[in-house]
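For reference, the structure discussed in these notes is given below.
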Amino acid sequence: MKFIEVKNYQQMSETAAEYIMKKVLDNPSITLGLATGGTPTGTYQNLIKDHQKNGTSYQHVTTFNLDEYIGLAGTDKNSYRYYMDENLFNHIDIKKANTFVPKGNGRNIEEECNRYEDLLAGHGGIDLQVLGIGSNGHIGFNEPGTSFQSKTHIVNLAPSTIEANARFFNRPEEVPTQAITMGISTIMKSKEILLLVSGESKRDAMYQLLHSELNENFPASVLKNHPCVTIIADEAAILDLKIPMLKE
Ligand code: GLP
């Protein structure tokens with residue numbers, strides 16, 4: 001694991017955006033894996049700024065998102081499809097047809113999971129996967145206890161995840177209780193992973209990530225088995241953590 005320590009959220013967002021931009025410039029037809037949540041919004045804002053200022057093009061880029069709530073249509077403002085359109089896709093020159101998010105409101109969700117897994121494999125997999133981390137160590141929506149062998153599947157969201165995500169909804173009861181998520185093995189097939197961690201609420205998760213053994217009860221620990229992971233974390237997330245062994 002490569003570790004980049006930054007001062008704050010703003011610096012994490014700038015550093016992550018520069019990292020992604022460079023990859024896009026090196027490989028204009030890159031396949032990106034994208035995350036939602038509060039963590040990557042600043043990164044996306046910086047990608048948009050750069051696109052507007054420097055013209056970095058996404059015309060040949062393909063994206064696959066990690067997850068989607070079950071029961072929400074893509075037009076629902078709390079769906080991850082809507083989030084991606086609003087926070088990134090509508091502001092860059094990417095072709096919408098090349099942006100994939102699982103469909104959370106279809107009739108047959110099992111079938112959708114298999115379709116998404118096959119679609120991703122058919123595209124040759126992900127070159128660079130952007131990840132956030134849940135305070136309970138989830139990646140995508142793979143909650144503690146998820147098999148490391150899992151493919152795209154249906155999950156019941158942990159109460160702590162529902163609580164953490166309630167801030168995006170009008171009322172906590174509106175948070176869906178289930179989601180579709182890429183599985184852990186799906187994520188691990190990515191050629192490269194960029195994990196973004198910011199804020200005090202992620203400090204415990206960061207500690208466990210650095211100090212725990214591989215453990216399905218802490219999903220992010222699987223990243224220790226991946227050959228190419230870069231973590232960008234800010235001071236609030238790593239305060240007092242001993243991480244010299246990870247620094248380059
Ligand atoms: C969410 C998403 C994850 C995200 C994580 C952290 O529920 N499904 O992809 O990385 O939880 O979210 P946040 O960045 O808002 O802390």
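Note: Cβ is positioned from N, Cα and C throughout, glycine not excepted.
A quick note: this is a predicted structure, and the numbers were derived from the prediction, not measured.
Taken from TrEMBL as is:
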DOMAIN    10-224  domain 'Glucosamine/galactosamine-6-phosphate isomerase'
ACT_SITE  Asp67  active site, proton acceptor
ACT_SITE  Asn136  active site, for ring-opening step
ACT_SITE  His138  active site, proton acceptor
ACT_SITE  Glu143  active site, for ring-opening step
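Residue density at Glu143 (active site, for ring-opening step): 21 other Cβ atoms are found within 10 A of its Cβ, drawing on all protein chains shown. With a cut-off of 6 Å between Cβ and the nearest atom of ligand 1, the active-site residues Asp67, Asn136, Glu143 reduce to Asp67.
Residues within less than 8 Å, Cβ to Cβ, of Asn136 (active site, for ring-opening step) and separated from it by at least 6 positions along the same chain comprise Glu143, Pro144, Ala158, Ser160, Thr161, Ala205. Under a cutoff of 8 A between CB atoms, and with a sequence separation of 6+ in the same chain, the neighbours of Asp67 (active site, proton acceptor) are Thr36, Tyr80, Pro102, Gly140, Phe141, Ala179, Ile180, Thr181, Met182.
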